[in-house]
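According to TrEMBL, the features are:
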| type | residues | note |
| --- | --- | --- |
| BINDING | ASN110, HIS115, GLU120 | oxalate binding site |
| BINDING | HIS113, HIS115, GLU120, HIS161 | Mn(2+) binding site |
| DISULFID | CYS33-CYS50 | disulfide bond |
| DOMAIN | 64-215 | domain 'Cupin type-1' |
| SIGNAL | 1-23 | signal peptide |
Amino acid sequence: MKGIHCFLVAFTLLAFANSLASAFDPSPLQDFCVAINDTKNGVFVNGKFCKDPKLAVADDFFYSGLNMPGNTSNPVGSNVTTVNVDQIPGLNTLGISLVRIDYAPYGGLNPPHTHPRGTEILVVVEGTLYVGFVTSNPENRLFTKVLNPGDVFVFPIGLIHFQFNIGKTAAVAFAGLSSQNAGVITIAKAVFGSNPPINPDVLTKAFQLDKRVVSYLQSRFWSD
């Protein structure tokens with residue numbers, strides 16, 4: 001009986017480990033699983049309902065518009081055009097997506113953020129970018145590089161990273177992500193613009209700031 005008990009414990013731990021290993025986008029078990037919103041005729045797979053493969057058409061795997069510059073007239077001077085499963089339904093279960101990032105001249109910034117579900121690989125096509133990421137605690141090492149057209153840089157999954165235009169002209173980059181919907185958490189917006197707002201006492205102590213500074217930052221980021 002003891003041997004059986006040990007076997008069951010080992011089996012349970014192995015099953016749990018396998019479930020953790022599958023925590024990211026799983027490999028598909030079919031050619032494709034085009035996402036639809038029809039709950040009556042679809043099969044729910046990985047966050048989306050899928051249409052009958054026989055009803056799939058070429059447009060399910062198509063998107064047009066990444067040649068168009070994004071509007072960078074905003075406080076950070078950047079614009080991200082996302083092409084994930086919401087734009088291309090055929091990406092469902094395929095574990096990949098794409099973005100175009102436009103940066104205004106003289107300091108356009110894609111501010112510090114993370115992608116909780118995907119690694120990012122970025123290639124610069126125009127301009128000069130200063131990019132970097134920070135490792136997790138306790139080291140918090142900063143890796144940075146200046147990128148020119150044709151240069152490629154990787155941001156590991158879940159780590160805080162950024163891109164900053166240090167050139168005098170507009171910059172453009174494209175990035176692939178290892179998820180059909182990698183998600184994004186912009187650090188400043190998440191911390192100071194959460195809805196409802198985080199108690200200022202928490203942020204005052206966490207950031208070692210005067211409470212008035214915290215209240216000011218929340219007023220800049222928070223909106224109803």
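Yeah, the Cβs are placed from backbone N, Cα and C, and that goes for glycine too.
A Cα-Cα distance of 32 Å separates ASN110 (oxalate binding site) from CYS33 (disulfide bond). Of the chain residues outside the oxalate site list ASN110, HIS115, GLU120, VAL99, HIS113, THR114, LEU122, PHE155, HIS161, ALA175, LEU177, ALA182, VAL184 have their Cβ within 8 Å of the site's Cβ mean position. A Cα-Cα distance of 9 Å separates HIS161 (Mn(2+) binding site) from HIS115 (oxalate binding site). Taking CA atoms as the reference points, HIS113 (Mn(2+) binding site) and GLU120 (oxalate binding site) are 12 Å apart. Of all the disulfide-bonded residues listed here (CYS33, CYS50), the one with the fewest other CB atoms within 10 A of its own CB is CYS50. For the domain 'Cupin type-1' (64-215), the mean pLDDT of the prediction comes to 96.
GLU120 (oxalate binding site) and CYS33 (disulfide bond) have their C-alpha atoms 23 Å apart, to the nearest angstrom.
Proximity of HIS115 (oxalate binding site) to non-local residues of its own chain (separation of 6 or more, Cβ distance below 8 Å) is seen for PHE155, ILE157, GLY158, LEU177, SER179, ALA182, GLY183, VAL184, ILE185, given in sequence order. Annotation: HIS161 carries the greatest number of neighbouring Cβ atoms among the binding-site residues HIS113, HIS161 [cut-off 10 Å, Cβ to Cβ]. Compute the center of the Cβ atoms of HIS113, HIS115, GLU120, HIS161, which mark the site for Mn(2+); besides them, the chain residues with Cβ within 8 Å of that center are THR114, PHE133, PHE155, LEU159, ILE160, ALA182, VAL184. Between the listed binding-site residues, namely ASN110, GLU120, the fewest other CB atoms within 10 angstroms of a CB are found at GLU120.
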